[in-house]
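TrEMBL annotations:
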BINDING   Gly36, Ala37, Gly38, Lys39, Gly40, Thr41, Arg157, Arg202  ATP binding site
REGION    56-86  region 'NMPbind'
BINDING   Arg62, Lys84, Ile85, Val86, Gly116, Phe117, Pro118, Arg119, Arg163, Arg174  ribonucleoside 5'-phosphate binding site
BINDING   Asn123  CMP binding site
REGION    156-166  region 'LID'
Amino acid sequence: MIVGLLHRLSEKLPRVVHRISVMMKPQVVFVLGGPGAGKGTQCARIVENYSYTHLSAGDLLREERSRKGSEFGQLIDSYIKEGKIVPVEITINLLKKAMEETMKVDEKKFRFLIDGFPRNQDNLQGWNTVMDGKADVKFVLFFDCGNEVCIDRCLERGKSSGRTDDNRESLEKRIQTYLQSTRPIIEQYEKQGKVRTIDASRSVDEVFADVKNILDKEG
Ligand code: ADP
Ligand code: AMP
């Protein structure tokens, strides 16, 4: 009898495992830090070494800006040049769609690094409203880096990035937006014990060694 039971169980197991993975809620790590702190660089490293999908709010907005027929192209363009935070309805829909499409293609891809989000209170409220119960935020990876280092890196990146906001004028505004709007969000998560802070002013390898330590423990 026991042998029969085990046999039937082993037949059903693959279907049960399949169903559990279909039901997996997206597991999210928010990635925050100043402009040029190295968020994108470290996310690329993480994707190479762990089963995460990288979604950059900035990249998704730039894609939407250049999508033919987008009703938001001009609005996004002016916000990005001004270093201002694009209205959350646009950003959250792009993120939600990207997460859904990723999981539709491969249901095992339910771990996401959401880079450059939430950047302000509006972003956070939008996330809580739209994604409540639909995704788990595991923690926030905070790449902590002084403003001068951030500015220098972006100016260097600006020599080849073609980005409209990697210039001193936009950068001053982006740093202000970061200090006034994003830091308070990081502090809120800090109070919940959800922030993993990394000194991002060191070399890419040194920073990644710390990232690895965190992800190996709780990723
Ligand atoms: P973010 O996504 O935070 O805006 P990026 O990852 O695009 O930042 O990095 C900004 C620039 O700084 C890029 O040109 C990148 O090559 C460089 N960079 C990233 N991390 C480091 C680091 N640890 N040390 C030196 N330069 C870095
Ligand atoms: P980044 O590529 O992360 O440096 O972002 C570039 C610009 O895109 C920012 O300065 C904002 O104008 C816009 N942006 C990026 N992330 C967000 C976000 N979460 N909400 C609104 N606007 C954003």
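Quick reminder: no glycine exception, Cβ is built from N, Cα and C everywhere.
Assigned with DSSP, the residues of the region 'LID' (156-166) fall into helix, strand and coil as follows: 6 helix, 0 strand, 5 coil. Around Ile85 (ribonucleoside 5'-phosphate binding site), taking its Cβ as the centre, 23 other Cβ atoms fall within 10 Å, counting all chains. Gly38 are the binding-site residues among Gly38, Ile85, Gly116, Pro118, Asn123 whose C-beta comes within less than 6 Å of an atom of ligand 1, given in sequence order. Nearest in space to Gly36 (ATP binding site), taking C-alpha to C-alpha distance over the binding-site residues Arg62, Pro118, Arg163, is Arg163. Rounded to a whole value, the Cα-Cα separation of Arg62 (ribonucleoside 5'-phosphate binding site) and Gly40 (ATP binding site) is 14 Å. Counting other Cβ atoms within 10 Å of each Cβ, the binding-site residues Lys39, Arg202 show the lowest value at Arg202. Between the C-alpha atoms of Gly116 (ribonucleoside 5'-phosphate binding site) and Ala37 (ATP binding site), the distance comes to 11 Å. Among the binding-site residues listed here, namely Ile85, Pro118, Asn123, Arg163, Pro118 has its C-alpha nearest to that of Lys39 (ATP binding site). Arg157 (ATP binding site) sits 23 Å from Pro118 (ribonucleoside 5'-phosphate binding site), counting Cα to Cα. Under DSSP, Lys39 (ATP binding site) is assigned to a helix (H, G or I) in the three-state scheme.
Remark: the residue listed as 'CMP binding site' has Ile85, Val88, Thr91, Ile92, Phe117, Ile185 as non-local neighbours, by Cβ distance under 8 Å and separation of at least 6 in sequence. Here the region 'NMPbind' (56-86) is broken down by DSSP into helix, strand and coil counts: 20 helix, 1 strand, 10 coil.
Among the residues Gly36, Ala37, Gly38, Lys39, Gly40, Thr41, Arg157, Arg202 said to bind ATP, no two Cα atoms are farther apart than 17 Å.
Between the CA atoms of Ala37 (ATP binding site) and Pro118 (ribonucleoside 5'-phosphate binding site) there is a gap of 16 Å.
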